[in-house]
Amino acid sequence: MNHLPRIAVTAGEPAGIGLDLCVQLAHTPVPATLVILADPNALRARAAQLGLALTLHPYVSPVPAHAGDGQLYVLPVETAEPVVAGTLNVRNSAAVLSMLDHALSGCQSGAFDAMVTAPVHKGIINEAGFAFTGHTEYLAEQTATAQVVMMLVGGGMRVALATTHLPLTQVSAAITPHALTTTLRILHQDLVQKFAISHPTIYVAGLNPHAGEGGYLGREEIDTIQPVLDQLRAEGMQLIGPLPADTMFSQKNLAQADAFLAMYHDQGLTVLKYASFGEGVNVTLGLPIIRTSVDHGTALDIAGSGQATLGSMLSAIQLAIDLCQSQQARPL
Ligand SMILES: NC(=O)C1=CN([C@@H]2O[C@H](COP(=O)(O)OP(=O)(O)OC[C@H]3O[C@@H](n4cnc5c(N)ncnc54)[C@H](O)[C@@H]3O)[C@@H](O)[C@H]2O)C=CC1
Ligand SMILES: NCC(=O)COP(=O)(O)O
């Protein structure tokens, strides 16, 4: 890559803190070019609410390096109705998805090298009539990728998930030999290729308390997880587990694991967010494009108040930059 990474930043749910983060970004230099996908009027209004100066330019390639001097380059995605910080509006959900579509198509066409997403509100998107469980699943669908892996990075650990946004009652059935094998293959491959870890060690949680206690507290470990791990170990992967999830994240294991695989969302993310909330990054592995995201949600309670912290957004941009550079360095 003989240019700075070109990153599309989607502003996410306009009633949430995504717009606050974009306005703050205008005042923070990063070693990349940034194109913000947002409603320009909503951006200006949020800057005024926050009392921060903001100059907007329409996106025309090439965009200069992001200097953090109060300027943003914007690919406009207008909301249907004026945005009120902290108040969801079902009529503005189509614009939220449109931001994702524009960023994705820019990544696919080569106009952007990566996309970084500010948080969306899954509930209001569904209320608007769009079936939506998260960016992860949406981007998988839009790129016709059969399976992807959500991994969060923060607090000195990488935590990937075997299942993502599923009701707990559906988790066990979703952990099939095929899905788990594919998840581990994607995780292993991306740790090698994108994170330059030549022989990654992955610690894998069980699903049940005490990893099933030899079958007395559940059989998923015996029937599914252990056989999958055995098969992949035979292929050369370094896999430790299935481990009781309550002790898997010990300091000793943190020092030895390149990544942890949790069986469901809150089994893994509670630990990671306890260690690094507001500084961590969510990255989608297995996609044909680079996508990273903040580790937090829309924070409607503080939108427009000036209390939103930028740390996770900056970490997400930095990881996107690192992944662009590692992709460039990889032999064809
Ligand atoms: N990447 C994404 O699009 C994500 C979206 N969400 C969505 O966000 C919505 C709200 O989720 P919640 O569980 O309430 O979590 P949340 O992260 O929005 O809020 C939890 C608490 O953390 C605070 N907080 C969050 N980000 C902050 C920041 N940058 N600076 C300072 N304080 C911050 C909030 O004010 C709140 O008190 C849900 O609809 C959820 O689906 C949640 C996580 C990620
Ligand atoms: N807890 C992670 C989260 O909700 C974000 O998911 P996604 O929108 O990145 O798929």
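Cβ from N, Cα, C; glycine included.
TrEMBL annotations: computationally assigned, not manually curated.
Since this is a predicted model, take the numbers as computed values, not measurements.
Its Cβ placed at the centre, R291 (substrate binding site) has 27 other Cβ atoms within 10 Å. Look at TrEMBL and you will find H135, T136, K273, N282, R291 tagged as substrate binding site.
Mapped onto three states, the DSSP output places H210 (divalent metal cation binding site) in helix. Sequence-distant neighbours of H210 (divalent metal cation binding site) (same chain, 6+ residues apart, CB-CB distance under 8 A): L217, P244. The divalent metal cation binding site annotation in TrEMBL covers H165, H210, H265.
For H135 (substrate binding site), the same-chain residues lying six or more positions away in sequence with a CB closer than 8 A to its CB are L100, T117, V120, T284, R291, S293.
Comparing H265 (divalent metal cation binding site) with K273 (substrate binding site), their Cα atoms are 11 Å apart once rounded. Ligand 2 lies under 6 Å from the Cβ of the following binding-site residues, listed in sequence order from H135, T136, H210, K273, N282, R291: H135, T136, N282.
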